[in-house]
């Protein structure tokens, strides 16, 4: 279907027209910090499934009324080899010895192991449910709805459905903010919906209800994240934009992520944890009255007067006199663009399928895997979050002074290398393997920060939010399957590291085929885009 055409105002050079504002006045400072603050709740909730769906130690429950001796009650669970612990014998989590046999032996005064060979006693599944250890978590969705053993497939599916919501939100938010409602309305509308959805989720009565609402949360969360990112990139000047798009956004996201294990440590019940997330979202709603709409977007819609009002208010805040005419429009025939303009060329498909998908697989696989590392899950998650802060600081340094292609290549390739060699570390060197996993997370986080800003630089104003959203949409295939990359460890502990490490390093090499945008102005029209030589 051909795109429609309409008379709109084309501004030949937005950056030149607004250069009188300066780079870092009170207007830019306020916009920068308020937008960054809006990313903290996203960091707090993006990986909350690590604690919401934490799996406590568990064993088959026995009916309380059973008249079993202490010896037989303690020996009611068979021992099985655990592949994640080098074949060590551990109590089974999904089976028990048949209760009628235990009662018979107990009533006859037999002792387990002495009078009865336990290997000959028949087994059965956990017909009476499970006993969960509450020393780490008071309650999770796993313990509440018994998502273990035959129902364990529901746990990775929970994460995948959330990321499926992120996939849908990445697509919808770009279309709504580029073509209909603008950046600001979509950003704060989805923040409000996120608060309401989280409140309803607190009262979930079943796993089905929980995951349906969790899907909606994914839609809403990625929508306000992407739109706030593009809004800042379009309002701020070239130098501040670089810092905002890399270190600024990601550092504040990392602050929220760091707060997640701290909040989860003090709030061990999943429902109350959701209440904390809801309150964090409420804090962001008043920012609506302090963050302006994107003048670039208004201009792309032909709303020159509204854009000028925002710029004149910015000049007044910066105590700078604005010129009589800020934007000098030329009436031209321009197309109203949509996502089809991106899909007609292989550029967006190449960037989405390779770079973004691999990044999301590596990032979320490493982040979600913190629950499987040896040691305290709260400390491991905290380390995984803290390591992102220096990573994002490095991404800003690289983005400020280095080639975009080389920055992305070096971060991705290093991440793949660190992840891949974890398999060669002896199992007893736990601290060393965790160190290399954190180094891999460091490198992948650096690449993730770079690719968002890099993508925003490559695509024009008329399609920038749609382009970033489209890349993020396609990449969510990676985040949806990431929980199942972790699930591979049930077959071999090394398998996730082999697959993720190899894929990440290979994609790092392919990123050398991307165009270079370092030092170039943001394109406003499709004709100003660079070609993709790769």
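The backbone N, Cα and C atoms fix where each Cβ goes, glycine too.
According to TrEMBL, the feature domain 'Major facilitator superfamily (MFS) profile' maps to 101-519.
Marked as transmembrane segment by TrEMBL: 32-53 (among others).
The transmembrane segment annotation in TrEMBL covers 209-231 (among others).
If you look up TrEMBL, you'll see 243-266 (among others) marked as transmembrane segment.
Feature annotation from TrEMBL assigns transmembrane segment to 272-291 (among others).
Taken from TrEMBL, the feature transmembrane segment applies to 348-365 (among others).
Taken from TrEMBL, the feature transmembrane segment applies to 377-399 (among others). Residues 43, 47, 50-51, 54, 136, 242-243, 245-248, 250-251, 253-255, 257-258, 260-262, 264-265, 366-367, 370-371, 407, 410-411, 434, 438, 441-443, 445-446, 449-450, 453-454 of the same chain lie 6 or more positions beyond the ends of the transmembrane segment (377-399) yet place their CB under 8 Å from a CB of it.
Here TrEMBL flags 406-425 (among others) as transmembrane segment.
Per TrEMBL, the feature transmembrane segment maps to 431-454 (among others).
Here TrEMBL flags 466-488 (among others) as transmembrane segment.
Under 8 Å from some Cβ of the transmembrane segment (494-514) lie the Cβ atoms of residues 351, 354-355, 358-359, 361-362, 365-366, 369, 404-405, 408-423, 440, 444, 447, 454, 485-486, 488, 532-534, all in the same chain and six or more residues away from its ends. Positions annotated as transmembrane segment by TrEMBL: 494-514 (among others).
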Give, as a single whole number between 0 and 100, the mean pLDDT over the domain 'Major facilitator superfamily (MFS) profile' (101-519).
81
Against which stretches of its own chain does the transmembrane segment (32-53) lie, if we need a Cβ under 8 Å and a gap of at least six residues from its ends?
137, 140-142, 147, 155, 158-159, 162, 187, 191, 194, 217, 221, 224-225, 228, 231-232, 236, 240, 244, 248-249, 251-261, 263-264, 270, 273-274, 277, 280-281, 283-284, 287, 290-291, 364, 367-368, 370-371, 377, 381, 385
Excluding the flanking five residues on each side, which residues at least 6 beyond the ends of the transmembrane segment (272-291) place their CB within less than 8 Å of a CB in that stretch?
30-31, 34-35, 37-38, 40-41, 44-45, 48, 51-52, 184, 187-188, 191-192, 194-195, 198-199, 201-202, 231, 256, 263-264
